[in-house]
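Have a look at the structure below, then the notes.
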Amino acid sequence: MTSNLIKFDDQNKVFHLHNKQISYLLSIEDGGTLSHLYFGGAVKNYNNQLKYPRLDRGFSGNLPESLDRTFSRDSLPKEYSSAGEMDFHTPATIVRNPDGSNALFLAYKSYKIEDGKPDLKGLPHSWTKEDDEAQTLIVTLEDKVSKLEYDLLYTIYRDRPVIVRSVQVHNHGEEAVYLEKVASMQMDYVDKDFEVITLPGAHANERRVQRENIGQGIKVFSSYRGTSSHQMNPFMALVDHDTNEFMGEAYGFALAYSGNHKFEVERDQFGQIHVNTGINDYNFKWKLNPNEEFQTPEVLMVYSDQGLNKMSQAFHSLIHERIMRSKFKDQIRPVLVNNWEATYFDFNEDKLKTIVDKAKKLGLEMFVLDDGWFGHRDDDNSSLGDWKVYKKKFPNGLGHFADYVHEQGLKFGLWFEPEMISYESNLYKEHPDYLMHVPGRKPCPSRNQYVLELGRKEVRDNIFEQMVKILDSKKIDYIKWDMNRSLSDIYESDLPADQQGEAYHRYVLGYYDLLNKLVTRYPDILFEGCSGGGGRFDVGQAYYTPQIWASDNTDAIERLKIQYGTSLVYPQSMMTSHVSVSPNEQNGRITPFNTRGAVAMWGDLGYELDLTKMSDEESDQVVKQVTEYKKIREVTQFGTLYRLKASASNQCAWMMVDSNKNEAVVTVVNVMAHAQPYCTKTKLAGLDPDKRYKNLETDEVFGGDELMHLGFYDPIERGDFKAKMYHFKAIN
């Protein structure tokens, strides 16, 4: 065995997962109960001092046939709980047995330790380059009556403060059972008075940081829209009351799944915190036949004892290095212009060429053709599912226009919405059964469109074959994959009635299958995810697309909060952000061009406006922004991110530092001006205290320790929404 990250103490029946940053401890207790002991900072050895106290607690029952009233699964912190075993916490799993009961008593059976990390078939997952960089513990729990086995998977990386968990359920019985809930993980904490941080939102208002106390009872943060959703991102953090960006403990949980999800946080009668995370059990019922298995999505669990920045940096590193697979993840992202807010559906080839010509003059690197190029689509009422060029707009064919874009020295990108269908489409005329609906009922439209049954292979194959005919031309450099509605009328026509509870999850598996086939076939195409902006911004999506459109809201000031929340989990290279017109299309706000550019440079910079209608002054500013961005984008896209000032305040500040601490880019945004402004300072982070750094704008030189401990005064300017960027480089 090449690794030594997991130990088992046979005498005390304790597993210890450990590296230089974290330890995770679990033990086998009475009745084969798998008990949780500890997750936190690294300890070299464990001497069995955390055996849970034995107390005779009223109304907390005991093990079957046991006379020991001091041991109860109702109070013991556990690794995985089921319904019907005298544990009254929210269960991690619920099973419907052939006799109609939900009885399940999971007890320890065996364990094994493997080098590396197993792949998850059909699901996004973290991975290893070499087996010796991680080790995986698989603990098997069994119910002896039903002959169900639950494999709990725990992977620890050698150099990361991360535990990756998932669950496999195996039916070794003689009859089918129904899984009504299967969480990917459970975590119990004793003597912790946490606050919980989540990322709720709405369309054009995604991932706003929400922080609240946990009182006795159950909090649920979830989506049952069929996607990870704008409304509740599949992430949660438990933090101490005094935890901030740089200090305090933080436990982060991110689910690698793009469908319905559920995070349950419960403070029980004894003040203990109980957490479940996984697929939402809303309308979920999976038939598990004999000799079949069910695999849950993964959960990434991060521990930080140095605040939220360190938690985020651990997520960023893991997602970038061991979730993303695209070759583009390490490549500089091109500065693009997207025609959507410039033209909407009102365009033809000649009109687009004028935008392409202007993009070339301004130094942009890619033109992205958005919605409206296919079928006979002049509005959002038709043609979804018909992925053939609209001859009225492109009489010479799409390839002819792509050639023109390439001749100007730009890359060419194209918008698709492969999961959707319009009533008014050839696809619907030929295959009306492809449209997801409940038989005998009219389906609900959203944005005048409907959802395809992606759980069916024949439906996926049809869309795949249509897209291949376009993409095999080798004239497409980039794809924006959109999804502009939530799922409804959930039904899969090739499933029997007792398996309709599988339709939501089978849709997600079908989506992953189709997307995986395309990204595998076209490794030289940069894929960007999108769902009306950030409606499917999650770890699972990152496995297939290295960048995602963060929000349909392009207002720079609202983007501060959206991007701040996004950065809690997701690396900035994953987040696309565009400069748009002022007054803004979404809220009418008038914002300086400089500020719009500075905020967009937090992510992958692009432009979403009609370049041909800009003034000479605005055009000059674009040239200036693009020129400067090309100098700093390796740092801004791939550097270590530090959030310096919270977006909820009147100022928001952040910075990125390269891995050698030789270069840093800092941005400070002052939201509202005041007649008598406070004098504020910005202190930097992540620099080398022994290096000297030059401000490339002013040629002033400061010590790294000066910039981090003393900082500098922020400029005081008249007017709202002012931004200032600083570029520092280390000097000899």
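Backbone N, Cα and C define each Cβ position, glycine as well.
Within the same chain, the residues at least 6 positions away from K480 (substrate binding site) whose Cβ sits under 8 Å from its Cβ are N338, V368, D370, G413, L414, W415, F416, E528, C530, W549, listed in sequence order. When secondary structure is read from DSSP and collapsed to three states, K480 (substrate binding site) falls in the strand class. For D370, D371, W415, R447, K480, W481, D482, M483, N484, C530, S531, G532, G533, D552, the entry in Swiss-Prot reads substrate binding site, with the evidence type experimental evidence.
The feature active site, nucleophile is assigned by Swiss-Prot to D482, with a curator's inference given as support. Sequence-distant contacts of D482 (substrate binding site), defined as residues of its own chain at least six apart whose C-beta falls under 8 angstroms from its C-beta, comprise D371, W415, F416, E417, C530, S531, G532.
In sequence order, H203, A204, G532, G533, Q586 make up the list of same-chain residues 6 or more apart from D552 (active site, proton donor) whose Cβ falls under 8 Å from its Cβ. Summarising the annotation, Swiss-Prot assigns active site, proton donor to D552 and lists a curator's inference as the type of evidence.
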Cβ density check for D370 (substrate binding site), other Cβ within 10 Å (all protein chains) comes to 20
Expressed in angstrom and rounded to a whole number, the substrate site built from D370, D371, W415, R447, K480, W481, D482, M483, N484, C530, S531, G532, G533, D552 spans a maximum Cα-Cα distance of 18
Comparing local Cβ density (other Cβ atoms within 10 Å) for the binding-site residues W415, N484, S531, G533 points to S531
